[in-house]
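K.L.:
Sending over a structure as C-alpha cells; questions will come in a sec.
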Ligand SMILES: Nc1ncnc2c1ncn2[C@@H]1O[C@H](COP(=O)(O)OP(=O)(O)OP(=O)(O)O)[C@@H](O)[C@H]1O
C-alpha cells in the first residue's frame, strides 16, 4: 500500500473508532476530530468501546513501569492532536514519550524544570484571563462557541509528573511546579484548561488525596499493591474488589478506569505503534499548520 493510501486508511480507522456507529453510517469520515467529541480509549471486558469526553474534566493515569500508561496516553494525545479546535501543551521530562507528538504541540517542555514552571505560569495567566472574561460576560464556563473569539480548550499533558514534582531541581522549584499543577487541575476545567497527568509512582507523596480527588477520570494500570491502586482510584475500591494489583504483569495495557460517579471498569487500551503515532502526528501537524495559516 502506498504511503498516502496507508495514512488515509489509518485515519479512517481511527476516526471510525472514535465516532458512534450511527454517525459512522451517516457521514463520510471527517479528516479532523474535535476535543468536544468523546475520546476512544479502548475496549471493556465485553468488547465494547470505551469513550470519555475530556472537556471540563481532568485525567490521571498511573501504574507501575511498563504497565501501559504511555500507550493509553497516546490515545488521548492522538485525539487531542487531531482536534484542531484545541491547543496542545506537552510536558515530558524523558523527551521520547510525548516527543513523538512534538510537531503538533503549541508548547513542548522537556527536562528543564524552570521551563516547566514558566509554561505553567503562562497557563495560569491564560486561565485567569479567561475567568475575567467569563465574569464580565456573566458566564460560568467556556463553550465551543468561544472558538469564534479565539478561546479554545488547551489540553495539558504531563508525562511522569513525578519527574518535575519530586526528582529534579530544588525543593522550592518542585513546590512551585506542584502548586501550579494543583491550581490548574483545581480551577482550569471551566476555563477550558484540561490536565492529563501520568505517573509510574502511585504513592501518596506524588498523588496526594486532595490532588487525586480533583481528577474526574482515574485510570489505574497494573499496581504492585492494593494501597497503590487505591491511591489512584480512591480509598476503599480495593476492599470492594476493584484493584489494579489483580492485573497480571503480562496484561499490558489493561487498567481500571474510574469515571466520575461510576465504578471502576476494567479496560484494555487501544494500541498505536510508533509508526502509527508518527503518521498521525505528521498529519495532525499539517492540519494545524493549515489552520494557523
Ligand atoms: N494496549 C496495549 N496493547 C498491546 N500492547 C501494549 C498495550 N499497552 C502497552 N503495551 C505493551 O507494553 C509496553 C509498555 O507499555 P508503555 O510504554 O505504555 O508502559 P508505561 O506504563 O508507559 O511504562 P513506563 O512507565 O516505563 O514509561 C509497550 O511497549 C507495548 O509493547
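Here the Cβ of each residue, glycine as well, is placed from N, Cα and C on the backbone.
Note that the structure is a prediction, hence the values are computed from the model and not measured.
So TrEMBL says this about it:
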DOMAIN    36-230  domain 'FtsK'
BINDING   63, 64, 65, 66, 67, 68, 69, 70  ATP binding site
K.L.:
For the binding-site residues 64, 69, 70, which sit with their CB under 6 angstroms from an atom of ligand 1?
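P.N.:
Once distances to ligand 1 are taken from each Cβ, 69, 70 fall under 6 Å.
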K.L.:
Find the average pLDDT over the domain 'FtsK' (36-230) in the predicted model and report it.
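P.N.:
Value for the domain 'FtsK' (36-230), mean pLDDT as a whole number: 96.
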K.L.:
Which residues, same chain and not among 63, 64, 65, 66, 67, 68, 69, 70, have a CB within 8 angstroms of the centroid of the CB atoms at the recorded ATP site?
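P.N.:
Once 63, 64, 65, 66, 67, 68, 69, 70 are set aside, the remaining close residues are 200, 221, 222, 252.
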K.L.:
Please report the number of other Cβ atoms within 10 Å of the Cβ of residue 67 (ATP binding site).
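P.N.:
If we count other Cβ atoms within 10 Å of residue 67 (ATP binding site), we arrive at 25.
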K.L.:
Least buried of the binding-site residues 63, 65, 66, 68, going by other Cβ atoms within 10 Å?
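P.N.:
Each of the binding-site residues 63, 65, 66, 68 was scored by Cβ atoms within 10 Å; lowest is 65.
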K.L.:
10 Å Cβ neighbour count around residue 70 (ATP binding site)?
P.N.:
22
K.L.:
Return one of helix, strand or coil for residue 68 (ATP binding site), based on DSSP.
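P.N.:
Once the DSSP labels are grouped into three classes, residue 68 (ATP binding site) ends up as coil.
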K.L.:
When you measure from the Cβ of residue 69 (ATP binding site), how many other Cβ atoms are you left with inside 10 Å?
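P.N.:
So the number of other Cβ atoms within 10 Å of residue 69 (ATP binding site) is 26.
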K.L.:
Any same-chain residues 6+ apart from residue 64 (ATP binding site) with CB under 8 Å of its CB? Would you list them in sequence order, or say none?
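P.N.:
In sequence order, the residues whose Cβ lies under 8 Å from that of residue 64 (ATP binding site) (at least 6 apart) are 200, 202, 221, 222, 223, 224.
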